[in-house]
Amino acid sequence: MAVFSPRKLSFSIIFLGLMTVLRSQAALDVHYYDRTCPEAEKIIRYTVLNASMHDAKVPARILRMFFHDCFIRGCDASVLLDSTPQNQAEKDGPPNISLRAFYVIDDAKTKLESACPKTVSCADIVAIAARDVVAMSGGPFWNVLKGRKDGRISKASETINLPAPTFNVSTLIQSFTKRGLGVKDLVALSGGHTLGFSHCSSFQARLHNFSSVHDIDPTMNPEFAETLKKKCRKPNKNGNAGQFLDSTASTFDNNYYKQLAGKGVFGSDQALYGDYRTKWIVESFANDQSLFFKEFATSMVKLGNVGVMENGEVRLNCRVVN
């Protein structure tokens, strides 16, 4: 992956005038911390930037963290809680074992507690950080609605509800619909895979003994499949082997959609190109990056509104409940 450069701070800014929340239980506001912690977003931004400059994988990891948090119990930072002897938390569920960069959120929280104690929730830190890593990587900037509270419950067993890389479009639509998200949101948010890497375990079933008729998934470009088979041998003895989800994996762009004509890594990604309900949106985003940026920002705001709670808390340490 390319070395992170601060020059990517030339944000492509999309201002969204969304001041109220749809499909949530509590009111969020762009200006929530203006009086109580006016430097909150600046503190988070520079913490994320510094971490990204030292580790180019941070942007993809923070963005994935936000998705995985919001898809379980809503955007309540439950994914940040550590397991205890009495409870296995979300971060230790099978789909989340590969989640990383929790230390970035911890660092931001420590600085925020020093600047304005007991004020900024961990859930808001994750939401703001997710916006910042997208913008720092060349993608859109949007105004993050704030005022989320942190949840007190986190169960590894509930990670089964995360969308899997093997899902077909019907199953994906069902999963997103349960969270108040539509088909366009599904395709737009899948574009987050433009920043990302996957280990072989998430897609190698497409490369070996795919079916009784095909050894390789027939929707996959044959040359691309052979390239992946060389990286993901059977049996695979290299636990670090895998593939970037698009060829410009350190830059947030629309290249992910351009690859879906046979070079989607996940079966769920490839399915978006093969289904009439989603193909036209994939093609629209592939042809118009500015449209993708606009719709991605809009969908991220909607995702950030999922499951917002009134009766949570503001954790002092993002890893444990107060």
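Cβ coordinates are placed from backbone N, Cα and C, and glycine is handled just like the others.
For C318, the disulfide partner named by TrEMBL among C75, C116, C122 is C122. Take the candidates C37, C70, C75; TrEMBL pairs C116 in a disulfide bond with C37. Sequence-distant contacts (6 or more apart, same chain, Cβ under 8 Å) of C122 (disulfide bond) comprise A77, L80, I105, K109, D150, V314, R315, C318. Listed recorded positions near H68 (active site, proton acceptor): C75 (candidates C75, C116, C200, T248; Cα-Cα distance within 10 Å). Comparing Cβ neighbour counts within 10 Å across the disulfide-bonded residues C37, C318, the minimum falls on C37. Taking the Cα of H193 (heme b binding site) as the reference point, the closest of the recorded positions C37, C70, C75, T248 is T248. Comparing the binding-site residues T194, T248 on other C-beta atoms within 10 angstroms of each C-beta gives the minimum for T248. The Cβ of H68 (active site, proton acceptor) has 21 neighbouring Cβ atoms from other residues within 10 Å, across all protein chains displayed.
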